[in-house]
Amino acid sequence: MEDEVFQQIMYIVNHLVTWTAATAIIFGGVVPYVPQYREIKRTQNAEGFSSYVCLVLLVANILRILFRFGRYFETPLLWQSIIMIVTMLVMLNLCTDVRVTAELNTKRRSFTDFEWGYFWSWSRFVDYLQCVLAFTAMAAYVTYLLLDSDLFVESLGFLAVFTEAMLGTPQLYCNYQNKSTEGMSIKMVLMWTSGDTFKTGYFLLTEAPVQFWTCGLLQVCVDVAILFQVYYYSRYPQKPVSHTTHTTSAKAL
């Protein structure tokens with residue numbers, strides 16, 4: 001009798017832990033962008049957020065969803081991608097509205113102009129949406145044609161997670177150029193580190209495809225490298241560079 005009760009308790013605890021972990025995976029990735037959205041909304045200034053963050057995350061998560069057609073992975077990871085795509089579109093919509101309002105005299109640019117010099121710097125949200133839909137259609141068509149190729153499927157999965165894993169490198173390079181981490185939120189970096197560590201552990205425990213946990217480890221290494229920069233540049237201040245403008249983090253501080 002006691003054994004049955006104990007087994008039932010462990011069964012409930014196991015399901016509770018699994019559900020909690022899945023919820024954290026699904027929504028954890030978008031949490032750092034909530035304060036960024038509120039800040040842009042409050043200040044009506046989007047200069048502190050790079051729209052290329054949205055581009056990278058949109059591409060990475062669209063490719064991840066397509067990868068699932070060739071190689072199954074956990075459903076929470078699928079929902080994570082869907083929610084991240086929606087979040088990035090919401091961020092793009094806000095940033096576009098704020099930027100256009102602030103640049104009333106600037107010539108309007110659109111996706112259908114096909115001007116490479118103004119790629120991802122368009123004046124309307126609908127242009128970004130058109131670009132995302134065009135990329136999705138093209139990538140889906142190529143995936144449909146090559147779905148039977150194991151090499152293509154595995155490469156697609158690696159490209160998806162590797163693209164996302166590289167989000168921290170622009171900030172790492174920016175800190176190196178400036179020889180300083182001034183203007184960077186250390187709290188945000190700690191959030192990235194804890195989130196990426198948890199995510200990588202989840203990949204390993206759920207036996208996700210090797211591309212997922214490999215690139216997860218890469219993300220953690222980049223986060224740790226940025227934290228080391230915080231320590232190093234605070235303990236050993238470098239000679240200031242000639243310019244004083246600090247490029248904003250690619251992870252949208």
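A Cβ is built for glycine as well, from the same backbone N, Cα and C atoms used for every other residue.
Please treat TrEMBL annotations as automatic predictions, because they have not gone through curation.
Not measured: the values here are computed from a predicted model.
Feature annotation from TrEMBL assigns transmembrane segment to 12-34 (among others).
The transmembrane segment annotation in TrEMBL covers 46-67 (among others). Long-range contacts of the transmembrane segment (46-67) within the same chain: residues 36, 39-40, 73, 77-78, 80-82, 84-85, 88-89, 91-92, 94-95, 98-99, 120-121, 128, 132, 135-136, 139-140, 143, 153, 156-157, 159-161, 163-164, 166-167, 170, 248-253, each at least 6 residues beyond the stretch ends and with a Cβ under 8 Å from a Cβ of the stretch.
If you look up TrEMBL, you'll see 79-100 (among others) marked as transmembrane segment. Sequence-remote contacts of a segment are chain residues at least 6 beyond its ends whose Cβ falls under 8 Å from one of its Cβ atoms, and for the transmembrane segment (79-100) they are 25-27, 29-30, 33, 36-37, 40-41, 44-46, 49, 51, 53-54, 57-58, 61-62, 64-65, 122-125, 128-129, 132, 252.
Positions annotated as transmembrane segment by TrEMBL: 128-147 (among others).
According to TrEMBL, the feature transmembrane segment maps to 210-233 (among others).
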Contacting positions for the transmembrane segment (210-233) when only residues 6+ beyond its ends and CB under 8 Å are counted: 73, 77, 154, 157-158, 160-162, 164-169, 171-172, 175-176, 179-181, 184, 186, 189-190, 192-193, 196-197, 199-200, 203-204
